[in-house]
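**Student:** The structure that follows is given in the form of structure tokens.
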Amino acid sequence: MDPIALTAAVGADLLGDGRPETLWLGIGTLLMLIGTFYFIVKGWGVTDKEAREYYSITILVPGIASAAYLSMFFGIGLTEVQVGSEMLDIYYARYADWLFTTPLLLLDLALLAKVDRVSIGTLVGVDALMIVTGLVGALSHTPLARYTWWLFSTICMIVVLYFLATSLRAAAKERGPEVASTFNTLTALVLVLWTAYPILWIIGTEGAGVVGLGIETLLFMVLDVTAKVGFGFILLRSRAILGDTEAPEPSAGAEASAAD
């Protein structure tokens, strides 16, 4: 047995519920809570109005995710879907998490780029369609329907990522080098991590079943923590989110530019 599967099996045995993914859901809950409280402490006493908006949004992201992970840890937000002769465990609570948290992440980026409300509404609307169609695919009973909805969801994701990499990136560039550097770093993170989600879906238990539920849950947990807590850490340490009254550490991109 490989080390990851062995660790999951031991965790399931210790927790007494027989679910190999429970250990990773527990760790995910803990990491999301740590991220939430870290952002709260970091933002305590911040007076800049614009910075407070970013903190409020960014704190909500791991906060919502921690509630979703805790519910999955206790077996809530879990259902069984029969696909042919096989019964699949589907964590629909994960999609509920994404339905709330991914628009908030996009809102952070939209505020950073200072785009108009129509652009924000379009971005969030396509994102919501991406999540809902992904959930429909996960709950479908035939392989054809599942893969069709997966493709629909993936196309929506490509539209969102294209919008970030073109229109929003251009708008962020107009706001100066600090904003552009932070936006580009965060967008690169989103592009890499979000692209991994449909790949994991297609090779996981909801798709081809190449990897088991325990490993799938571990990988989703790593992606979620990085996409939420990692995103927030980069954003909230940047000068780009502040007015002239306060200034945390510069972004990594700005530091590199200064060194040159």
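Backbone N, Cα and C atoms are what each Cβ position is placed from, and that goes for glycine too.
Below are the features I grabbed from Swiss-Prot:
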MOD_RES   K228  N6-(retinylidene)lysine
TOPO_DOM  7-20  topological domain 'Extracellular'
TOPO_DOM  43-51  topological domain 'Cytoplasmic'
TOPO_DOM  74-91  topological domain 'Extracellular'
TOPO_DOM  140-143  topological domain 'Extracellular'
TOPO_DOM  173-176  topological domain 'Cytoplasmic'
TOPO_DOM  205-212  topological domain 'Extracellular'
TOPO_DOM  246-260  topological domain 'Cytoplasmic'
TRANSMEM  21-42  transmembrane segment
TRANSMEM  52-73  transmembrane segment
TRANSMEM  92-113  transmembrane segment
TRANSMEM  117-139  transmembrane segment
TRANSMEM  144-172  transmembrane segment
TRANSMEM  177-204  transmembrane segment
TRANSMEM  213-245  transmembrane segment
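Surface or core, plus neighbours and distances: that's what I need for these features.
**Tutor:** DSSP classifies K228 (N6-(retinylidene)lysine) as helix under the three-state reduction.
Per-residue confidence over the topological domain 'Cytoplasmic' (43-51) averages out at a pLDDT of 89.
Remote same-chain residues near the topological domain 'Extracellular' (74-91) are listed as 17, 19, 68, 138-143, 146, 205-206, 213, 217 (criterion: CB distance under 8 Å, separation of at least six residues from the stretch ends).
Under 8 Å from some Cβ of the topological domain 'Extracellular' (140-143) lie the Cβ atoms of residues 81-84, 149, all in the same chain and six or more residues away from its ends.
Long-range neighbours of the topological domain 'Cytoplasmic' (173-176) within the same chain, counting only residues 6 or more positions beyond its ends whose Cβ lies under 8 Å from a Cβ of the stretch, are 112-114, 183, 240.
Within its own chain, the topological domain 'Extracellular' (205-212) has Cβ neighbours under 8 Å at 5, 20, 88-90, 137-138, 146-147, 150, 219, counting only residues six or more beyond its boundaries.
For the transmembrane segment (52-73), the residues of the chain that approach it from at least six positions outside its boundaries are 22, 25-26, 28-29, 32-33, 35-36, 39-40, 42-43, 46, 91, 93-94, 96-97, 100-101, 104-105, 107-108, 111, 221, 224, 228-229, 231-232, 235-236, 241, judged by C-beta separation under 8 angstroms.
Remote same-chain residues near the transmembrane segment (117-139) are listed as 79, 81, 90, 92, 95, 98-99, 102-103, 106-107, 110, 145-150, 152-153, 156-157, 159-160, 163-164, 167-168, 201, 206 (criterion: CB distance under 8 Å, separation of at least six residues from the stretch ends).
Non-local neighbours of the transmembrane segment (144-172) in the same chain are 83, 106, 109-110, 112-115, 119, 122-123, 126-127, 129-131, 133-134, 136-138, 179-180, 183-184, 187, 190-191, 194-195, 197-198, 201-202, 206-207; each lies 6+ residues outside the stretch with a CB under 8 Å from one of its CB atoms.
Sequence-distant contacts of the transmembrane segment (177-204) (same chain, at least 6 residues past either end, Cβ-Cβ under 8 Å): 105, 108-109, 112-113, 134, 138, 150, 153-154, 157, 160-161, 164-165, 168-169, 210-211, 213, 216, 219-220, 223, 226-227, 230-231, 234-235, 238-241, 250-254, 257.
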